[in-house]
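To start, the structure under review is shown below, and the notes come after it.
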Amino acid sequence: MLREDDWNVWYDTLLRAFGGMPEASEKRELEGRLTEHDRCLGAWDDDQLVGTSGAYTFRITVPGGAAVPAAGITMVSVAATHRRRGVLTSMMRRLLDDVRAKDEPLAVLCASEPEIYGRFGYGLATHRLSVEVDTTRARLSVPPGTDDVRLRYAAPAEVLDACEAVYARQVPRRPGMLARQPGWERLELLDTERHRDGASPLQCVVAERDGEGVIGYARFRVKPDWDHSGPKGTVLVSSSEALDPAAHAALWRFLFDLDLTSTIVARGRPLDEPWVQLVNDIRRCDLRVRDELFVRLVDVGVALAARTYQVPVDVVLEVEDAFCPWNEGRWRLTGDAKGASCERTADAADLVLSVRELGAAYLGGVGLATLGAAGLVREVRQGALTEASVAFGSTVAPWLPHGF
Ligand SMILES: CC(=O)SCCNC(=O)CCNC(=O)[C@H](O)C(C)(C)COP(=O)(O)OP(=O)(O)OC[C@H]1O[C@@H](n2cnc3c(N)ncnc32)[C@H](O)[C@@H]1OP(=O)(O)O
């Protein structure tokens, strides 16, 4: 529990661990408001604060569309003077015990470094696509209906509610997305000098169709540049959502065609980004995959029963979980596209795996068969790995549009 008086020293301790750059006052103020002070931890050495961490009370979309309670572990730092003495380990112990006590079946986080959290049972469940497109060469062939979509510029704050309505309709459609908590929409509009990094203020274009209102939006900045051969500006895309293929194509064609620019940079797109299928020259897009969301099943039975499965599945999982031993043992998972149950069983195991692999596969973005091929899932009953892998899959790539 963080006392109001401790907030500034707590936040400064956190910032110092990330290099000590000061935050713009509007960002600091917003972070202060979004932080759940009753879920923050501090580690103290006498009167010296040497560790910070906390949790947000989220709901995350899982395959099938349910919004499942998940603790968003965040703001983890240990003072460099006290590193590698187990401070993070003791804070994670406390955090996960608290998550369990609150009956949240999942803990999720974005890692500063991917190596840190596997030891605590977090598996890498979603990835993000980063692109740097040479728009002097890459062009989009758009689907029918694209020209019926109207685009207009709008001040980002003025159309925020309409954009949020689009966002809210996307949340149940894609595993990994977080139901927006009050206040979080303001993060999307933060526009400090640090955010701009030499580019323009945040701009917004909304997509509309007669009778339907706003059906998509793109927020971006433009960084102008010129050399001896002419203009070579960059479009920096910060967020974009669209409700249908035509709106998506219209927005991205606009971004590709902006005058005086020759590059689009977008850092956090879903792996199944549709415009990638429309581009004439994929080699000009420089697609890179990065880690995004790590998932930890805190209550294996509740978590596995909360999602649905692409095809009927009946499998006994033997789960290893040294850090949260209450999950260890055998679980019978029975489910299909309508629902599932997951109960303890004394039956023989079909698959043996650690809770980390279960977390990686949970949102349907990483195949159990892929993990099995890496030697991380052991198949005891022949055929069980393929059956379970197909059932756990998702037709939509899981994705988290923003970090936390
Ligand atoms: C969700 C988030 O908020 S992500 C942000 C994480 N924070 C940062 O990256 C800020 C800068 N770094 C730090 O503050 C710290 O170095 C932390 C928080 C990453 C680690 O804190 P520590 O107290 O040093 O970790 P702790 O001593 O509990 O280490 C536990 C184990 O993890 C390992 N470990 C810890 N950090 C790292 C790392 N960055 N890379 C690789 N291994 C690591 C330790 O070596 C140790 O391994 P061992 O058990 O085999 O000996």
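Cβ atoms here come from the backbone N, Cα and C positions, even for glycine.
Per TrEMBL, the features are:
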- 1-143: domain 'N-acetyltransferase' (DOMAIN)
- V76, S77, V78, R84, R85, G86, V87, L88, T89, S112, E113: acetyl-CoA binding site (BINDING)
- Y117: active site, proton donor (ACT_SITE)
- F404: active site, proton acceptor (ACT_SITE)
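Y117 (active site, proton donor) is 14 Å away from V78 (acetyl-CoA binding site) when you measure Cα to Cα. Ranked by Cα separation from F404 (active site, proton acceptor), the recorded positions V76, R85, V87, T89, Y117 are led by V76. Compared over the recorded positions R85, E113, Y117, the count of CB atoms lying within 10 A of a residue's CB peaks at Y117. In terms of DSSP helix, strand and coil, the domain 'N-acetyltransferase' (1-143) has 48 helix, 48 strand, 47 coil. The Cβ neighbour count for T89 (acetyl-CoA binding site), using a 10 Å radius over every protein chain in view, is 13.
A gap of 14 Å separates the Cα atoms of Y117 (active site, proton donor) and V87 (acetyl-CoA binding site). Look at F404 (active site, proton acceptor): DSSP puts it in coil. Within the same chain, the residues at least 6 positions away from V76 (acetyl-CoA binding site) whose Cβ sits under 8 Å from its Cβ are T52, S53, L88, M91, L109, S112, listed in sequence order. Sequence-distant neighbours of V87 (acetyl-CoA binding site): residues of the same chain at least 6 apart with a C-beta under 8 Å from its C-beta are A43, V50, G51, V78. The 10 Å shell around the Cβ of V78 (acetyl-CoA binding site) contains 21 further Cβ atoms across the protein chains shown. Other Cβ atoms within 10 Å of the Cβ of the residue listed as 'active site, proton acceptor' number 17 in total over all chains.
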